[in-house]
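What TrEMBL lists as domain 'Amidohydrolase-related' is 11-310. Residues or ranges marked as Zn(2+) 1 binding site by TrEMBL: 13, 15, 99, 247. According to TrEMBL, the feature substrate binding site maps to 15, 16, 17, 41, 136, 219, 251, 263. According to TrEMBL, the N6-carboxylysine annotation covers 99. According to TrEMBL, the feature Zn(2+) 2 binding site maps to 99, 136, 174. What TrEMBL records for 247 is active site.
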Ligand SMILES: NC(=O)N[C@@H](CC(=O)O)C(=O)O
Ligand SMILES: [Zn+2]
Ligand SMILES: [Zn+2]
């Protein structure tokens, strides 16, 4: 097959940042996706509906003319999030989820939750309102090996949380392990997961073999090949509780290529094309549309998009970088090729 037309997909996990980043990154997502669940880990974080709606306007100002792209906003859960704040968010129509970052787990998570027990009242309100909890699922205990932090989070935090709140809708974001796949498969219809293109296409060799590759560093960190295979199997299985979320996370080159580089991989410039590579590799191109355009919308209770996008099997070279404020943004596959190309209908 050399041409593939899909319903217009959604990105259910996206970092757009703010200010001068927006005109660089928003057009990449808007070209490919109808909507995106926009992460709230700005500095300071987005914790109120008023902040979320103001941020939404700043994003919309960077959507190119003629493109139809809807940012779906989220709030950042803190130890102090009140049930009233959750209720206001649920009623606003602009806020579609609340994000849990364990304090210190990842980029801009300093205001995150120190003890999930402190959020119980907010979580009960979310369950009542049908507002999903999006989870960065890693423990932060320095004694736990970084490759085990997702598995331990499931055992110590997520399973007990779902016992306390059995009706809460939960999305385990950017899953990276066989254990996360199995947890989601066994859980009820209220539990789902997003899978990134980089975790479908790369294992930890891409980070560490033959030299350290800071542009392949993200959290949760890339895992061994058997985990990548489990993610690819789940994503191409037709199970509606695994769906597309890129976790495209732009950082300036200077913050990545340094002695202590930060976590995040930028993939918005080629996200759908990279998923298409992964699904082709698995012999499952016929399953791509549902993963990319149906299951996420269905889980969030949103209507499916009406438009379409077309991809062609035709190699193109990714730029070495994009101008990004006063610095540069190095995209995934910089200077290398991608096998599928987005074409206008
Ligand atoms: N995934 C990452 O490695 N980084 C994300 C944060 C996150 O999603 O954990 C970022 O905001 O840069
Ligand atoms: Zn995360
Ligand atoms: Zn993320």
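Cβ atoms here come from the backbone N, Cα and C positions, even for glycine.
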Mean pLDDT for the domain 'Amidohydrolase-related' (11-310), as a whole number?
97
Those binding-site residues, 15, 16, 99: which ones have a Cβ sitting under 6 Å from ligand 1?
15
Write down the Cα-Cα distance for residue 174 (Zn(2+) 2 binding site) and residue 13 (Zn(2+) 1 binding site), rounded and given in Å.
8
Work out how many Å separate residue 41 (substrate binding site) and residue 99 (Zn(2+) 1 binding site) at their Cα atoms, rounded off.
9
Nonlocal neighbours by CB distance (under 8 Å) for residue 15 (Zn(2+) 1 binding site), same chain, sequence gap 6 or more
38, 39, 41, 247, 248, 249, 250, 264
Would you find the one among the binding-site residues 17, 136, 174 whose Cβ has the most company, meaning other Cβ atoms within 10 Å?
174
Hey, how far is residue 219 (substrate binding site) from residue 174 (Zn(2+) 2 binding site), Cα to Cα, in Å?
9
